[in-house]
Amino acid sequence: MANIKAKKYYSYAKINLFLHILNKRPDGYHNLQTWFTFLDLKDQLTFSFNNSREINISSNISIAAKQDNLVYKAIKKFQQSYRVQDIGVDIEIKKNIPMGAGLGGGSSNAATTLIALRDYYLPQLSNEEMIPLAAKLGADVPIFVYGKSAWAEGIGEILYHKDFSPQYALLIKPDIHISTKEFFTSEDLIKSSVLISKDLGFDKSIMHNDFENVFYAKYPEFSQYLKELDSDFRMTGTGSCFYLLSADKNKLEQLARKINKPLDKWLVKTLNYVY
């Protein structure tokens, strides 16, 4: 197969507008309900396919070794599932989405890799047809393959297109590393089998992130600071990034200027579509 010109793809961040944990499944995953929307915060992945039969991944930051890297795992799953052999590709990842933030950066990169492989090897394959494969890579990967704001159930692979009214989002991230496994097993995580109707609009009174209680119990000082800034800050995923939504960009800019702690922060917009 001949070399082709390098092709660039954007790999977007997501937030969970709410996250409701239902129960643990026999396979170790948890059933959940959530509403995903995207942000215009994005990584850039450049794919250069070639005849080398080698997979090379580089980045502007330190990344996991091949066998632990979701991009590499996505390539191997694609090969196994669609019987595509002898893949040769150089992938350059320019990271802008912070890692370990609950913004889905690694999952987004894996999904973008599946789409790039599809475009090159199996262009007749639809995004929706790749969702079962995406789910094998992780609970957040399917939404990035789907590419539209969506209500999600199951482990995140059962998706219903559901737009969210576009807003600005102020993101803040403390220098805190979250153990997803620890949060899922925490006594402070309250699981409920009561389902929320996907037909509801965005209702802050019932739509919250079940992991916030775990975070608040573990980091009470930061949690108090957050509430003093604005009580409507919400956590995405298992954190450690929090966001505040508003249609008023100036309000968020003013609030960002008030932050007097060494926190990473971004002012971004929500997106309903990324493809």
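Glycine is treated like the rest: Cβ placed from N, Cα and C.
As recorded in Swiss-Prot, the features of this protein are as follows:
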ACT_SITE  LYS14  active site
BINDING   PRO98, MET99, GLY100, ALA101, GLY102, LEU103, GLY104, GLY105, GLY106, SER107, SER108  ATP binding site
ACT_SITE  ASP140  active site
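All features noted in Swiss-Prot, drawn onto the structure.
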| residue | record | DSSP class |
| --- | --- | --- |
| LYS14 | active site | strand |
| PRO98 | ATP binding site | coil |
| GLY104 | ATP binding site | coil |
| ASP140 | active site | coil |
Requested in this report: List, in sequence order, the residues of the same chain other than PRO98, MET99, GLY100, ALA101, GLY102, LEU103, GLY104, GLY105, GLY106, SER107, SER108 whose Cβ lies within 8 Å of the centroid of the Cβ atoms of the recorded ATP site.
Outcome: ALA13, ILE97, GLY237
Requested in this report: Fill in the CA-CA distance, SER108 (ATP binding site) to LYS14 (active site), as an integer in Å.
Outcome: 8
Report summary line: Close in space but at least six residues away in sequence, with Cβ under 8 Å from that of GLY100 (ATP binding site), the same-chain residues are HIS177, ILE178, SER240
Report summary line: The most crowded of the binding-site residues GLY102, GLY106, judged by neighbouring Cβ atoms within 10 Å of its own Cβ, is GLY102
Query raised in the report: If you draw a 10 Å sphere around the Cβ of ASP140 (active site), how many other Cβ atoms fall inside it, taking every protein chain shown into account?
Result: 27
Report summary line: Around the Cβ of LYS14 (active site), other Cβ atoms within 10 Å, all chains included, total 28
Report task. Would you please pick out, from the binding-site residues PRO98, GLY104, the one with the fewest other Cβ atoms within 10 Å of its Cβ? Result -> PRO98
Report task. Starting from the Cβ of SER108 (ATP binding site), draw a 10 Å sphere and report how many other Cβ atoms land inside it. Result -> 27
Query raised in the report: Should any of the recorded positions PRO98, GLY102, GLY104, GLY106, ASP140 have a Cα within 10 Å of the Cα of LYS14 (active site), which are they?
Result: GLY102, GLY104, ASP140
Report summary line: The rounded CA-CA distance in Å from GLY106 (ATP binding site) to ASP140 (active site) is 9
